[in-house]
Structure formats: structure tokens, C-alpha cells
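According to TrEMBL, the protein carries these features:
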type: TRANSMEM; residues: 7-28; note: transmembrane segment
type: TRANSMEM; residues: 40-58; note: transmembrane segment
type: TRANSMEM; residues: 70-90; note: transmembrane segment
type: TRANSMEM; residues: 102-122; note: transmembrane segment
type: TRANSMEM; residues: 143-162; note: transmembrane segment
type: TRANSMEM; residues: 174-198; note: transmembrane segment
type: TRANSMEM; residues: 205-223; note: transmembrane segment
type: TRANSMEM; residues: 235-256; note: transmembrane segment
type: TRANSMEM; residues: 268-288; note: transmembrane segment
type: TRANSMEM; residues: 308-328; note: transmembrane segment
Amino acid sequence: FRKNIVISFIGAMAPIGATLGCFFAGLIGTMNPNQWPWAFYAYTITAVINLILSIYAIPNNIPTNVHRFSMDWIGSGLGVIGLVLLNLVWNQAPISGWNQAYIIVLLIISVLFLVLFGVYEIHFAKSPLLPQAVMKDRHMIQIMLSLFFGWGSFGIFTFYYFQFQLNIRHYTPLWAGGSYFMFLIWGIIAALLVGFSIKRVSPSVFLFFAMVAFNVGSIMASVTPVHETYFRMQMGTMIILSFGMDLSFPASSIIFSDYLPMEYQGMAGSLVNTVVNYSMSLCLGMGATVEMQLDPDGKHILKGYRGAQYLGIGLASLACIISGLYMVECYIKDHRAKAVAEDKRSMS
């Protein structure tokens with residue numbers, strides 16, 4: 001129970017940080033638009049303060065590397081280079097155009113590095129970054145794909161939410177950033193809901209409904225009227241998406257921590273964070289590509305935004321299908337286990 005509560009509290013920090021970050025960035029941009037870089041300077045200062053506090057707050061008497069894992073430097077290099085280049089291509093191509101030679105070259109190089117990474121990890125790595133206990137388990141792959149597509153849709157929502165507020169509704173940066181306050185309230189509620197009810201409700205159920213929340217939120221955002229008060233469609237969208245964020249992260253972390261051997265649990269936690277953050281960035285590049293195809297000359301801004309949001313709906317729908325299959329499989333497995341236990345009890 002304590003572990004689940006701690007994981008839920010960690011998940012609750014995300015909406016708090018997002019809300020405060022957006023609010024103060026909006027405050028800086030509204031007070032003096034020429035000083036907008038200070039939004040990033042302030043973030044850097046906060047990160048340094050957090051680093052200093054962590055040095056004193058995190059215990060240093062915890063045993064490290066008790067399972068004698070060695071660092072996979074070659075696999076790390078191949079994977080990082082491949083992922084960074086792939087991300088660069090997808091986010092730069094909407095700006096420069098997919099017909100640019102260097103975009104095509106970098107895309108080919110990124111795919112080559114990722115293929116080499118896969119071959120090396122499977123056949124040569126002594127301590128692979130992605131152990132076979134994870135990569136050969138269908139359920140683990142289902143969870144990671146659900147997170148990738150679900151959070152990818154949320155990354156598209158986040159960017160185009162602010163584009164819609166600033167460029168279509170012409171909100172001030174402060175009002176646009178302050179409108180994130182619903183995430184703070186409902187995100188905490190959703191995270192604590194997982195911690196206190198995880199013993200009664202399967203994590204697979206939470207994961208599925210998190211993906212449903214991502215999908216419903218994306219659909220609502222894509223049909224939000226331009227001339228409508230925030231406190232109607234958009235506030236409802238924020239509430240629903242809060243459950244997408246703060247049901248998925250604790251649920252997936254708890255599944256990994258319960259399902260995997262102890263020696264792989266730290267890696268699993270890092271994998272969840274990597275999938276979440278990378279998918280938000282990569283899928284945003286895909287959304288921007290859709291936007292530029294629909295609005296190449298900048299004369300139909302709203303049409304381009306809607307097109308990107310429709311892509312987010314498609315990604316979230318894939319997440320719903322994958323997580324739904326996982327939930328059904330877990331239900332069947334649990335039902336069979338209970339039936340076997342009852343048979344043994346009746347025979348005794």
C-alpha cells in the first residue's frame with residue numbers, strides 16, 4: 001500500500017509542476033513579452049535548486065548495483081543517436097519541408113542506428129538496456145505501446161491547446177497559462193484515486209480508462225468552438241485529460257513494479273518516463289507535419305490545428321484498443337485463476 005501511495009504522489013507532482021510552470025511562463029510573457037527567455041531561465045534556476053535539495057534529501061546509504069549490472073555504452077550510444085536523429089527529423093521537417101535532402105539523409109541514418117541498436121541488444125550486449133524479460137513479454141509491449149500512443153496524443157493536445165488559446169482566441173499568455181489550473185486540482189485527485197483504490201481495481205482497468213480519457217479529451221479539443229467560454233467545453237476537456245495523465249503513469253509504474261523481477265524494476269521506471277516524454281515530442285512532430293500539409297501558406301490556421309488534433313485522436317484510439325486488449329487478457333487470466341482456486345478449495 002505504501003509503495004502505491006508513493007508512486008501516486010510522484011504522479012501527482014506532474015500536474016502541479018505543469019500548472020505552475022505554465023502560469024509563471026505566462027506571467028513573464030504578459031509582463032514583458034521581450035523577456036520571454038526568462039521562462040526558460042527560471043526553469044533552469046528551479047532545476048538547479050531542485051538538484052541541490054536532492055543531494056541533501058535523497059539518502060546516500062542505499063545499496064547501488066547489487067545485481068552487478070555493467071553499463072551498456074555501445075547500446076546507449078546507438079540508441080540515443082538513433083532516437084535523437086529521428087526526433088530531429090520529425091520536428092524539423094514541418095519547418096524545412098520533407099523534400100529537403102538533409103531531412104531524408106538524417107531519417108535514413110536514424111533508422112540505420114535504431115536497427116543497429118536492436119541487433120546489438122539482441123545478439124551482442126552482455127547487459128542489454130532492454131532485457132529479454134521485458135522485450136519478449138507481450139504484456140510489457142502492450143503497456144509501452146499504450147503509453148506511447150496515449151501520451152503522444154496528449155503531447156499534440158498540449159501544444160495545440162496553447163496555439164488555439166493564443167492565436168485563435170487571442171488570450172494573453174498569463175490567462176492561457178493560468179487556464180491549466182484544472183490540471184492541478186483534478187490531476188491530484190486522479191493520482192490519489194489510483195493509490196487508494198489499486199488494491200480493489202486492477203491496474204489494467206486504470207490504464208484502459210486513462211487511454212479513454214486521452215481519446216475523449218482529444219475529441220473534445222478538436223470540436224471546441226472558437227467563440228465559447230473556457231468554462232464549458234475546455235474546462236471539461238482539462239478535467240478528463242487530468243485522469244488520462246494521472247491514471248496512466250501510476251498504473252503503468254505499479255504494473256511494472258509488481259510484474260517484473262526486482263533487478264529490472266529500476267529500469268522499468270526509467271522506461272516508462274522515456275516512453276512518455278519521447279512520445280510527446282515525436283508525435284508532436286507528426287502533428288505539425290499534418291498541420292503544414294493542411295495549411296501550407298498559413299491562411300487556414302484553424303484547419304491546420306484541427307488536422308493535427310485529429311491525428312491525436314487516432315493515436316489515442318490505438319492506445320484504447322491496445323490497452324483494452326490488455327485489460328481483457330488480464331480479466332480472463334484472473335477469472336481462470338479464481339476458478340482454479342475455487343476448484344482446489346472444493347476438492348479439499
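Here the Cβ of each residue, glycine as well, is placed from N, Cα and C on the backbone.
Quantities reported herein were computed from a predicted structural model and do not represent experimental measurements.
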Tertiary contacts of the transmembrane segment (205-223), as residues 6+ beyond its ends and Cβ separation under 8 Å: 143, 146, 149-151, 153-154, 156-157, 160-161, 164, 194, 198, 233-234, 236-238, 240-245, 247-248, 250-252, 255, 306, 309-310, 312-313, 316-317, 319-320, 322-324, 326-327
Contact between the transmembrane segment (70-90) and the transmembrane segment (102-122) (3 or more Cβ pairs under 8 Å, separation 6+): yes
The transmembrane segment (308-328) and the transmembrane segment (143-162) contact flag, 3+ Cβ pairs under 8 angstroms: yes
Range from 143-162, 174-198, 235-256, 268-288 with the greatest count of C-beta pairs under 8 A to the transmembrane segment (7-28): 174-198
Best-contacting stretch, by C-beta pairs under 8 Å, relative to the transmembrane segment (268-288) and drawn from 102-122, 143-162, 174-198, 235-256: 143-162
